[in-house]
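Here is the structure we will look at, set down as structure tokens.
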Amino acid sequence: MTTPSDLNIYQLIDTQNGRVTPRIYTDPDIYQLELERIFGRCWLFLAHESQIPKPGDFFNTYMGEDAVVVVRQKDGSIKAFLNQCRHRAMRVSYADCGNTRAFTCPYHGWSYGINGELIDVPLEPRAYPQGLCKSHWGLNEVPCVESYKGLIFGNWDTSAPGLRDYLGDIAWYLDGMLDRREGGTEIVGGVQKWVINCNWKFPAEQFASDQYHALFSHASAVQVLGAKDDGSDKRLGDGQTARPVWETAKDALQFGQDGHGSGFFFTEKPDANVWVDGAVSSYYRETYAEAEQRLGEVRALRLAGHNNIFPTLSWLNGTATLRVWHPRGPDQVEVWAFCITDKAASDEVKAAFENSATRAFGPAGFLEQDDSENWCEIQKLLKGHRARNSKLCLEMGLGQEKRRDDGIPGITNYIFSETAARGMYQRWADLLSSESWQEVLDKTAAYQQEVMK
């Protein structure tokens, strides 16, 4: 069995000097360790509460490569279970979502209540004349399930920090999406799913730390849609063009701490997002006063930004896209994209949000394709021996980190930096190399102290 010491994890990641060896994106042994020590120990997004509002409502998803079913209980609480029959490991729930009174295995007919208990075994007296202790054979339950302002997370590790502690300062940035209006948020429409032939860490890192790519990777989209407010017809919608926000922003920052990352621009416009249509930008202008009262000016104006909660939950402010990067091997990721909107928005505005998110960041989105092409091409190149063992530069903004005194929390840097990427890979390496969460937290504290010297 391959151990963390065999893999020399800390020789592959050097965050103090800004180095990463790309073998971390290709090695199958590293990937198997990730499934155990990252996806088996971290808080992972499962669903939004709006997707399972009534008792018996369920939603099927994954924790790493483990299929799980999330279900609303009769008392209103939420449980999650491994989507696997305890008899011969068959899946017990197939529909993406729905409402049910029981989950029945199609192989031999074992049936489970929505609370996970085994409630029926066909031909039980004849098949098990010696008796069967059904209370012992219920579905395997995810032991830790918690919600944060509508987002449901699960964790297999009972020794992990609670969800709120795990989120840390990224919660302040997350609230900028979840808490703009009274009533919170909801998921609009279904889930868009597609597969990208790249390692899961590429998209996670980009959403945590990489605004830098947008100037070049998305240059053609900006040019086609209209690079400035010049009165031309190259518009996304009434009153909104694709003028790059970095051309007019007052300032910008990147946050990177505990493996999480975020970046955004300081703007003076309540509709400052380059990829939304007229109905959406009008909605942001009309609701700005409420958002400012709830969040303050900085977060109310924060509509152009990128974010990732370690390991695989990403979102873009303003564009209304929330997505999960489900790992499917060292060289493949399955994207699940949701449209998340204010619950208080009108149906017309929600439809506009959905159209806008799909147009830019759906599977055929004009920006999504730029990103996917980059990640896939990198993954192809890393098939080469020298390519996957040649160190890459992760030095952007190295040594320039600071803590702000204006109420914006956490370790920050200028937006064009790799502070969040270095923090993400440090948390990644610490998890793979540690036997316990306490050891991880001790290493995190030491790393952050070193960063802020």
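Here the Cβ of each residue, glycine as well, is placed from N, Cα and C on the backbone.
Here's what Swiss-Prot has on this protein:
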- 44-142: domain 'Rieske' (DOMAIN)
- C85, H87, C105, H108: [2Fe-2S] cluster binding site (BINDING)
- H213, H218: Fe cation binding site (BINDING)
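Structure with Swiss-Prot features highlighted.
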residue : record                        : Cβ contacts under 8 Å, 6 or more apart
C85     : [2Fe-2S] cluster binding site : R91, V92, C105, Y107, H108, W110
H87     : [2Fe-2S] cluster binding site : C105, Y107, H108, W110, W137
H213    : Fe cation binding site        : Q206, D371, N374
H218    : Fe cation binding site        : L367, D370
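Taking the mean position of the Cβ atoms of C85, H87, C105, H108 as the [2Fe-2S] cluster site, the remaining same-chain residues with a Cβ inside 8 Å of that point are R86, R88, M90, V92, Y107, G109, W110. Across the domain 'Rieske' (44-142), DSSP helix (H, G, I), strand (E, B) and coil residues number 10 helix, 37 strand, 52 coil.
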